[in-house]
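*Asks:* Once you've had a glance at the structure underneath, I'll fire off some questions.
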């Protein structure tokens with residue numbers, strides 16, 4: 001399926017990692033932050049001058065967010081930690097999954113009150129073959145306490161909130177669902193977990209996601225080279241964007257007008273030969289323009 005003529009896709013940071021994830025747009029500095037989970041690195045990209053920098057943090061980097069105090073907060077392997085960009089040093093805020101030392105953090109995001117939500121997953125005994133029901137979904141509150149909201153998860157992944165913050169949308173990849181929770185923004189409590197969108201097998205594995213100003217979800221579909229826009233109230237597919245590499249991992253809105261979609265992907269699951277001959281842009285960051293819709297900048301952790 002070809003994209004419409006209005007839509008332009010370009011690789012803005014080429015071949016910069018193995019498993020790129022967790023794009024976070026920091027509006028104040030007009031900077032995109034993202035992680036290479038398996039490369040143990042946190043990256044930042046400034047479109048204004050195409051400056052791309054990275055820092056090695058010495059362990060898996062699950063998701064990165066900016067904070068209200070001007071710091072960087074990382075869901076690293078099995079801990080929430082502040083990151084010193086100049087050295088790569090991590091200062092632990094809280095630990096999780098002490099009984100499952102082979103687990104690691106995956107995707108995450110801050111809510112409108114500045115809490116950081118992030119989930120874990122079990123080890124992959126082979127690439128893309130995860131040990132089942134080992135993960136949990138955590139919330140790091142602004143007082144640095146941690147609450148577990150779900151367990152027995154396979155691959156904790158995308159998170160987004162409805163425009164009125166009364167629903168939290170959530171992906172546990174192997175369910176092939178976008179689920180919905182009733183959400184109490186004041187307390188950060190979830191309830192009434194239920195399916196919102198069923199992702200058909202031919203559409204790929206649901207991965208990271210974000211929401212636009214119309215309340216529609218943009219879902220990265222791992223294994224099928226696409227991002228799909230869904231209406232979470234009806235579950236219907238509205239739009240598909242195709243990419244030149246198979247394993248799309250996540251997306252976020254960014255740019256001066258928040259009308260550009262930044263997209264991450266991975267080389268994991270692809271042989272070196274396939275990358276070289278067929279998918280040379282695997283492990284790159286893409287920017288999609290011409291969508292005709294705006295989204296939201298990444299929310300800061302409130303510290």
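Backbone N, Cα and C define each Cβ position, glycine as well.
Values in this document were obtained by computation on a predicted structure and should not be read as measured data.
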*Asks:* Looking at TrEMBL, 21, 157 are annotated for divalent metal cation. Which of 99, 111, 207, 212 sits in that same site?
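*Replies:* Answer per TrEMBL: 207.
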*Asks:* Which residues in the same chain, at least 6 apart in sequence, have a Cβ under 8 Å from the Cβ of residue 106 (substrate binding site)?
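*Replies:* The answer is 21, 37, 62, 63, 118, 119, 120, 121, 135, 155, 156, 157.
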*Asks:* Can you give me the residues near the recorded substrate site, meaning same chain, not 104, 106, 124 themselves, Cβ no more than 8 Å from the center of the site's Cβ atoms?
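*Replies:* Here the non-site neighbours turn out to be 37, 60, 62, 103, 105, 120, 121, 122, 123, 130, 155.
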*Asks:* What's the CA to CA span in angstrom from residue 124 (substrate binding site) over to residue 207 (active site, proton donor/acceptor)?
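*Replies:* With the alpha carbons as reference points, the distance is 16 Å.
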*Asks:* About how far apart, in whole Å, are the alpha carbons (Cα) of residue 207 (active site, proton donor/acceptor) and residue 104 (substrate binding site)?
*Replies:* 16
*Asks:* Which residues does residue 104 (substrate binding site) neighbour through Cβ under 8 Å, counting only same-chain ones at least six apart?
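*Replies:* Those within reach of residue 104 (substrate binding site), by Cβ under 8 Å and sequence separation of 6 or more, are 37, 60, 62, 77, 78, 120, 121, 123.
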*Asks:* Tell me the coarse DSSP state (helix, strand, coil) of residue 157 (divalent metal cation binding site).
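*Replies:* In three-state terms, residue 157 (divalent metal cation binding site) counts as strand.
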*Asks:* Across all the protein chains here, work out how many other Cβ atoms are within 10 Å of the Cβ of residue 207 (active site, proton donor/acceptor).
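*Replies:* Step by step: centre on the Cβ of residue 207 (active site, proton donor/acceptor), count other Cβ atoms within 10 Å, giving 28.
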